[in-house]
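Student: Take a look at the following structure, please.
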Amino acid sequence: MGEFKIQSKFKPTGDQPKAIDTLVQSIENGNRGQTLLGVTGSGKTFTMANIIERTQKPTLILAHNKTLAAQLCAEFKEFFPDNIVEYFVSYYDYYQPEAYVPQTDTFIEKDASINDEIDKLRHSATSALLERRDVIIVASVSCIYGLGNPEEYKKLTISLRPGMIKDRDEVIKKLIEIQYERNDIDFARGTFRVRGDNLDIIPSSSSSKGIRIEFFGDEIDRIREFDVLTGNIIGERQHVSITPASHFAASEETLEKSIRVIEDELEDRLKVLTAEDKILEAQRLKQRTNYDIEMIREMGYCQGIENYSRILDGRMPGTPPQTLLDYFPEDFLMFIDESHVTLPQVRAMYAGDRSRKTSLVEFGFRLPCAFDNRPLKFSEFESKINQVVFVSATPGEYELDHSKVVAEQIIRPTGLLDPVIEIRPIQGQIDDLYGEIQRTVQRGFRVLITTLTKRMAEDLTKYLKDLNVKATYMHSDIDTLERMKIIRELRLGEVDVLIGINLLREGLDIPEVALVAILDADKEGFLRSETSLIQTIGRAARNSESKVIMYADNITKSMDKSIKETERRRVIQMEYNEEHNITPTTVIKGVRDIIEATKVSEEKENYEDEVKKAAKKDIPVEKLIEQYEEEMKEAAKNLQFERAAELRDIIKDLKENSK
């Protein structure tokens, strides 16, 4: 069994050693909750990695969106190359939930596009938890949705070893039972094929490696792993576990028992609807449910089988669903990253789901058991936590109230200070801001501006463009990929000014930014709360020459608190730097808190340097292309898809230029 072991040239510095010791001690003392209060750029991820190494517990890291989850996953893969680091997020590229609108008598069928790659990663995550303890799973909030019973998942897993007395047809029957399909032509993930005495399987947790079971009569003679694309043998296996192709797979016995319970619930519900004189609803429910029962009986599943998950799991009505958290051992450790944003998301999930299901049940589209196919309530989520570390630069009241220990991480390894904050009047703010933009851009830096409305962001962008400023805006209407493209352009210098609303808070760490301007800073509310202001100020904490300008006519309580907190941190940082002779420096290369897509400015420099070096050393272009292709495959394997895309473009350029 592997142990967590960090591979890094860095050692904990600044506040990191103290924070690590404090939190590890608290966890070892059995405390349930603790908080890591770490400022932007202080190396919170590295601190988390050190805590994992010291405590040696299976770990779940909860992030508030897919982009940050992917970024964290890539970072932890670098820190723990010899351990298992998995990515678990919603597998829907597109999702339209089942719904009914009574006012217009409109039923909307469930419509979804499932991302096969992410589904594979989800299976890889649950498989890893069954097999090992040195597992880190980085997940989005979707991990609190029902996933199927882990006990049933374990029970249905097929365990095979060379020398076992197993009939080939018996193994095939078991594969079909756990929802694998036979396909001798289109051999893909979750399928198997039969060639003589050989049974080839592509497990649900992989798409590039297959398992070949070689039989000799009724005995397993040999188990080999092979490359699905080339067919080449990779190696021999002494044991293999084939996990179900669906997290909702169930044994024949469980399905038969479940069908009887569904039929009983249907009978009870039809009596209720008939008594209420809802004849149409009763007929609709009977027809839809009987169709589902027939599908389950014949195929082992039906469309929307998750709506019967409570019955399949054998749970009582109203009890919480089984989720990813139930796949972890009891002593697992959880980190909630950016907890001030993530926890409110967890709280909101249940209410939205419940309101949609109510009309489906009332109007005969679903049985009441559909209510129990839901995300966890916040109280249920809390009950499943063993030990947790809340991670945030601005933890909320909940985190502080539920923490025995709060470890501050204020010193940055780079020596960078929290920025200077200036307050200027709102009168003439745009003209003043234009002058500041010009001075900042002339020094080769970038500007972030935060407004209160989308309209203002768009109008200000147009105004600045008319003055020949390279400006663009970013708000919630802009999707993730477009957002990453904008950040890339900002880092490259194709854009000098980025204007946004609350999107300029968490996860936008750009070292080139030397000015953050907060317009209408004295308009008290969600976008100008103490937490929002501190997070926005943090965007200027990556550059040694940065500053923040708040345009306001009054100093609100939130402004006062955020300014005082920033000044408090700044004093601590200055004293530490003075004591240890540290000069604050802007570090662009090697800063790991940057979203992978934004590293393009570094990559462009690196690429140009590589080409120059190759030319000097007379390295053939073909050799350079080969090196980049290997790096591209490795980046894709490590979920660094934007990096892989950049390398693909570089390879394309090299091929065109070498013609």
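Glycine too: its Cβ is placed from the backbone N, Cα and C atoms.
According to Swiss-Prot, the feature ATP binding site maps to G38, V39, T40, G41, S42, G43, K44, T45, an assignment based on sequence analysis. What Swiss-Prot lists as domain 'Helicase ATP-binding' is 25-182. What Swiss-Prot lists as domain 'Helicase C-terminal' is 429-582, and the listing cites sequence analysis. Look at Swiss-Prot and you will find 622-657 tagged as domain 'UVR'. Annotation source Swiss-Prot lists motif 'Beta-hairpin' at 91-114.
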Student: When DSSP states are grouped into helix, strand and coil, how many residues of the motif 'Beta-hairpin' (91-114) land in each?
Tutor: 0 helix, 15 strand, 9 coil
Student: Can you count the other CB atoms that lie within 10 A of the CB of T45 (ATP binding site)?
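Tutor: Excluding its own Cβ, the number within 10 Å is 21.
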Student: Going by a 10 angstroms cut-off between Cβ atoms, which of the binding-site residues T40, S42 has the sparsest surroundings?
Tutor: T40
Student: In the structure shown, which of the binding-site residues G38, G41, G43 has the fewest Cβ neighbours within 10 Å?
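Tutor: Looking at the binding-site residues G38, G41, G43, the Cβ with the fewest others within 10 Å is that of G41.
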Student: Should G38 (ATP binding site) be counted as helix, strand, or coil on the basis of DSSP?
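Tutor: The three-state answer is strand.
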Student: Sort the residues of the domain 'UVR' (622-657) into helix, strand and coil with DSSP and give the three counts.
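Tutor: Tallied per class, the domain 'UVR' (622-657) gives 33 helix, 0 strand, 3 coil.
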Student: In the predicted model, what is the mean pLDDT computed over the domain 'UVR' (622-657)?
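Tutor: 77, rounded to a whole number.
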Student: Would you mind pulling the DSSP three-state label for G43 (ATP binding site)?
Tutor: coil
